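Q: Here's the feature list from TrEMBL:
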type: DOMAIN; residues: 87-509; note: domain 'Major facilitator superfamily (MFS) profile'
type: TRANSMEM; residues: 85-108; note: transmembrane segment
type: TRANSMEM; residues: 157-175; note: transmembrane segment
type: TRANSMEM; residues: 181-201; note: transmembrane segment
type: TRANSMEM; residues: 213-232; note: transmembrane segment
type: TRANSMEM; residues: 238-259; note: transmembrane segment
type: TRANSMEM; residues: 327-349; note: transmembrane segment
type: TRANSMEM; residues: 361-384; note: transmembrane segment
type: TRANSMEM; residues: 391-412; note: transmembrane segment
type: TRANSMEM; residues: 418-443; note: transmembrane segment
type: TRANSMEM; residues: 455-475; note: transmembrane segment
type: TRANSMEM; residues: 481-505; note: transmembrane segment
Amino acid sequence: MVLLLFGYALHYHRRLRIVKIQSDGAHEAMLEESRKPKVKSKQAHSQEEYEALQSFLRSISSTATLPPYVKGETYSSMRGVFNQCLITCAVLVLAAAAGHPIGFSAVALPQLENENSSMRIDEEMGSWIASIHSAATPLGSMLSGPIMEAIGRRRTLQVSTFPLVLGWILIGTAVHHAWLLLGRVVCGFAVGIMAAPSQVYLGEISEPRLRGLLIGTPFAAYSLGVLYVYALGGALPWRSVSFLCIVLPSLAFAVLCLSPESPTWLARRGRFHEAMAAMARLRGNPEIAQRELHELISAREKEKARGEETIRFFATVSRAPVLKPLLLINAFNMLQILSGSYIVIFYAVDIVKESGGSLSPHIVANASACTRLGVTMLACILLLKLTRRSLVMISGMGSAICTLALSLVLYQNAGSGLITPILILGYVAFNTLAFFLLPGLMIGELLPTKVRGLCGGYIFCVFNAVLFGFTKLYPVMKNSIGMSGVFCLFGSAASLATVVLFLLLPETKGKSLLQIEQYYQKPNILWVTRKKTADGQQV
């Protein structure tokens, strides 16, 4: 997967134009503004920050200006692309580790339900073991926003590895159900901490034309982590699997030590020289790095000039440019949960067993994990070729068709042979193609810079709270409406999600984060009612 990431990024890079950056006077004007006497007000810089900005602007060359082509577009040298991919690989290791606890319940529950198990469980305890991971995740997600704003995106990812390792130790050494549940809680807390920072971090280090690929690859690693646990669970006891799950978090901590902090976070903290060093490493060219960092600082200064930086968090969230993407992301997250994306992972073996078919439930569960991994990798490649909206439409309609067809087959008691596993695998494939990747993409792209960290954490908090409730109620829902009704619900939610995204989701392929922010500053709500420009550069 890592080699594939490097190969496609470098292949795609050959098509990018490296243009000479010419001075348009913006840098000089900004430097001239910094020479003006400081005005004492609530919106003024602190003395240290003022002097840091002045020192930085004088240290960079006059080439750090906006280029004559489309505002906000960024190009990297081959070295820069290589560095972006290398840093993404560090996040991939942690993303794979995040997939371990998600897939663990699918392999542990059948073993624990066995009569010969030393910790035999019933269906009620099994539902707690499967769902309590998601109950703890919201707490980690809620804390991740303030943590990543305080100590940075990279350090937050490193911090998350400690509770993850502790959780697996508790699970592996558990002698009672309470210790097993506690281990699941600690693992869920860790996954909650790392979820938002990983998407925000990748969104802020990547250039616009590679952002879809780089943000999407953690989901491939996540699927690989699920498959890793499925494969181990088919051959080893669940205790052995839990101890083997310690390897990747430990490796991720070491690899992240070699990665730079997000230049966006550093710039917003007034650490301009560190931001410049990080940006130069990510873009591979000092002039390109200066241009992009200059753009970040300009946007930050405009916020301060408008007095927006001093607005409190909840007042900021209630403003239309923030509220519109926030509502869209949360609405889609709820519909994605109802479409069964994660239920099929948590209860993979049981769902296949209940649905019938001629294949072994374990074989189909492993096949679903392989399908999810393969399609995630394919989706990352397609994000370079196709627009976000077209990929979402294909994913939504395919998911709805497969689940509604499966519901009809089960309603007619025709769930035998190969038709049931084929429809389940088809649903997994279509759902993974865009629905599985979209929440992370939207957090990394749609949220404004000043609230991206905090809102990202709260979004994952709400997401996982609802996911816990839905996962816990799944056995009750299955017994009440049957598997036919369950898949009918999945299909209805997928259909509604497709309609919502068709109306509201903006096309962000190839657009800078600043351009996307500017789109939401306009009064339009529906994508079809947006103001289009003649050159087609409007987001």
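Any Cβ shown, glycine's included, is placed from N, Cα and C.
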Q: Relative to the transmembrane segment (361-384), which of 181-201, 213-232, 327-349, 391-412 accounts for the most Cβ pairs at distances under 8 Å?
A: 213-232
Q: Would you call the transmembrane segment (418-443) and the transmembrane segment (85-108) in contact, using three or more Cβ pairs under 8 Å, pairs 6 or more apart in sequence?
A: no
Q: Within the same chain, where does the transmembrane segment (157-175) have neighbours whose Cβ lies under 8 angstroms from its own Cβ atoms, ignoring anything closer than 6 residues to its ends? I mean 6 or more beyond.
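A: Same-chain residues near the transmembrane segment (157-175) but 6 or more away: 91, 94, 97-98, 100-101, 104, 119, 140, 144, 147, 151, 182-191, 193-194, 197-198, 201, 239-240, 242-243, 245-246, 249-250, 252-253, 256-257.
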Q: Under an 8 Å Cβ to Cβ limit, what residues of the same chain, 6 or more beyond the ends of the transmembrane segment (213-232), are close to it?
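A: Sequence-remote neighbours of the transmembrane segment (213-232) are 1, 5, 8-9, 12, 84-85, 88, 91-93, 95-100, 102-104, 106-107, 198-199, 202-203, 205-206, 240-241, 244-245, 248, 345, 348, 365-366, 369-370, 372-373, 376-377, 379-381, 383-384, 432, 436-437, 440-441, 444-445.
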Q: Which one of these stretches, 85-108, 238-259, 327-349, has the most C-beta pairs shorter than 8 Å to the transmembrane segment (181-201)?
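A: Out of the listed stretches, 85-108 contacts the transmembrane segment (181-201) most.
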Q: As a test: from 85-108, 327-349, 481-505, pick the stretch that has the greatest number of Cβ pairs under 8 Å with the transmembrane segment (391-412).
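A: It is 481-505, which has the most Cβ pairs under 8 Å.
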